[in-house]
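According to TrEMBL, the protein has these features:
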{"type": "DOMAIN", "residues": "13-321", "note": "domain 'Glycoside hydrolase 35 catalytic'"}
{"type": "ACT_SITE", "residues": "E157", "note": "active site, proton donor"}
{"type": "ACT_SITE", "residues": "E231", "note": "active site, nucleophile"}
{"type": "DOMAIN", "residues": "373-473", "note": "domain 'Beta-galactosidase 1-like first all-beta'"}
{"type": "DOMAIN", "residues": "488-546", "note": "domain 'Beta-galactosidase galactose-binding'"}
Amino acid sequence: MNSLEGLRADSSQFTLRGEPFRILGGSIHYFRVPRPYWKDRLLKMKACGLNTLTTYVPWNLHEPERGTFNFQDQAYISLAAETGFWVILRPGPYICAEWDLGGLPSWLLQDKDIQLRTTYPGFVNAVNLYFDKLVSVVQPLMFENGGPIIALQLENEYGSYAKDDEYMPFLKNCLQSKGVNELLLTSDNWEGLRYRSMEGVLKTINLQRLSFGAIQHLACMQPQKPLMVMEYWSGWFDVWGEHHHVFNAEDMLGVVSEILERGVSINLYMFHGGTNFGFMNGAMDLGTYKPQVTSYDYDAPLSEAGDCTIKYEILRDLFSRYNSKPLPEVPSPQERKAYEPVYTQLYLSLWDAQCRSERPINMENIPVNNNNGQSYGYTLYETTISSGGALNSGNNIRDRALVFLDREYVGCLDYKTHEVILPDAKRKRTLAVLVENCGRVNYGKALDNQRKGIVGDIVLNHTPLRGFTTFCLDLKPSFIKRYSVPVPGFFQARLVLDEPVLIYVYPQNWGKGVVFVNGQNLGRYWFIGPQHFLYLPGPWLRSGENQIIIFEEEKVDGKIMFSENPEYGKTIDVYKLPFCSLL
């Protein structure tokens with residue numbers, strides 16, 4: 001046995017330290033789980049019988065402004081090692097992950113000619129600088145240096161995008177030239193497997209059903225190589241205005257059992273989904289733009305709040321048969337309770353919160369945040385008009401806008417509705433358009449076109465409007481703290497607790513907006529569902545007084561409810577959907 005030899009894919013089985021090794025993996029994203037809960041989630045995964053943790057690394061969190069790096073989460077990898085896990089790192093640069101712009105930073109879109117996920121020089125240069133920093137951070141955590149990282153995944157499902165044949169070889173050479181010597185992988189769905197192979201890079205497959213002979217297809221493409229399902233989809237994600245997706249536990253068990261019986265390695269995506277806190281949800285656009293909800297529960301074995309579900313119990317029984325030692329005890333459930341409702345007390349009008357720029361430019365090019373533009377939130381555009389008539393946005397509102405005349409709501413513009421009729425009046429009036437970035441597309445061919453705000457002309461009676469003033473409402477913590485009190489407007493309430501525990505916030509009878517608790521952005525809510533709650537982790541609460549701020553766009557109830565459990569609208573079983581609808 002060579003104890004210095006890392007993960008190898010030189011035969012029909014993986015080997016690690018020179019011995020046969022089966023990857024029994026699960027995905028938990030550190031950026032979707034509050035840091036105080038990392039250990040709890042990893043211990044629960046260990047108690048389920050898994051031996052490998054997989055996680056993406058979202059570039060947009062670690063380089064939020066060009067050249068400004070923030071790496072404080074490498075402790076997650078060290079904690080995984082302490083818990084007894086090997087780690088497969090998925091550093092991108094594109095990760096998909098139902099995450100805003102697939103993890104790419106929005107400042108890349110300042111270049112009007114940008115071609116994301118290609119060897120376009122502006123993209124290549126940015127990737128090189130980012131990977132310089134990232135590799136220096138994770139290098140000590142590689143297997144060859146005594147760490148837990150045994151493999152890295154190049155990009156994500158590039159075979160389904162495949163704009164540039166030189167791009168994937170560039171990424172391979174980029175990582176290896178910076179000193180990465182661990183096994184490199186790719187992952188693709190069945191369709192994407194057709195994309196070119198690279199010497200020394202192992203292909204893996206993503207799936208939920210054993211359809212079309214997918215695993216056999218992979219085996220034929222890579223004779224005498226180990227087989228792995230890099231993403232076994234244990235559930236599915238939700239989008240606003242559609243059903244909540246579930247995946248029957250027994251159906252899942254049947255597929256996982258067969259994968260294991262075939263001797264194939266597996267990674268459960270997701271083992272624990274967590275939450276798209278803040279404005280980090282992505283969106284789908286396969287012809288129709290559909291933003292994803294705040295919860296990333298995913299109908300996974302561990303729920304959004306970290307509870308063990310029926311899926312967890314049956315998988316634990318299954319994986320116990322593939323472990324030579326008894327599994328650890330499952331950590332106790334976390335305490336929760338339903339607090340009494342609280343009422344809003346203070347109010348700040350939207351119109352009092354201003355950050356100016358001269359022209360109505362798209363969000364990413366507003367001269368804020370050290371000229372890195374505005375990444376998330378809302379942008380308010382104001383101008384003066386002297387007539388009524390047809391206000392038409394074409395397809396230049398990204399993604400949803402409320403229209404006001406002298407601060408009175410007159411209509412909504414979005415991908416489906418391009419026109420609002422403004423009433424006539426014989427005087428000058430202020431037209432305001434409040435545009436929400438609902439989340440950048442994270443999958444598909446539309447990545448290069450994800451600029452937000454007003455991205456072209458809006459016209460009144462066929463004449464383009466001019467003379468706008470632009471207000472940046474990014475709702476970052478620094479924005480909220482500018483006000484001693486944080487319809488549209490900001491509403492404040494106090495929640496006084498003896499002992500904080502995790503709860504769910506229910507903005508019942510409110511319309512659409514965002515909730516902040518003690519400066520933490522819990523994410524978006526919207527009455528159209530399917531999500532009707534926001535998960536509030538216990539560590540974000542404190543004994544004594546807690547501050548709740550709601551930015552509400554449309555409809556105010558004045559009362560904020562709480563519950564011990566989440567509540568969804570109508571559900572649909574993803575196993576009964578056409579296969580193509582999952583891609």
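Backbone N, Cα and C atoms are what each Cβ position is placed from, and that goes for glycine too.
Taking each Cβ in turn and tallying the other Cβ atoms within 10 Å, the top scorer among the active-site residues E157, E231 is E231. Per DSSP, the secondary structure of the domain 'Beta-galactosidase galactose-binding' (488-546) breaks down as 3 helix, 34 strand, 22 coil. Between E157 (active site, proton donor) and E231 (active site, nucleophile), the C-alpha separation comes to 11 Å. As a whole-number mean, the pLDDT of the domain 'Beta-galactosidase 1-like first all-beta' (373-473) in this prediction is 93. Across the domain 'Beta-galactosidase 1-like first all-beta' (373-473), DSSP helix (H, G, I), strand (E, B) and coil residues number 3 helix, 52 strand, 46 coil.
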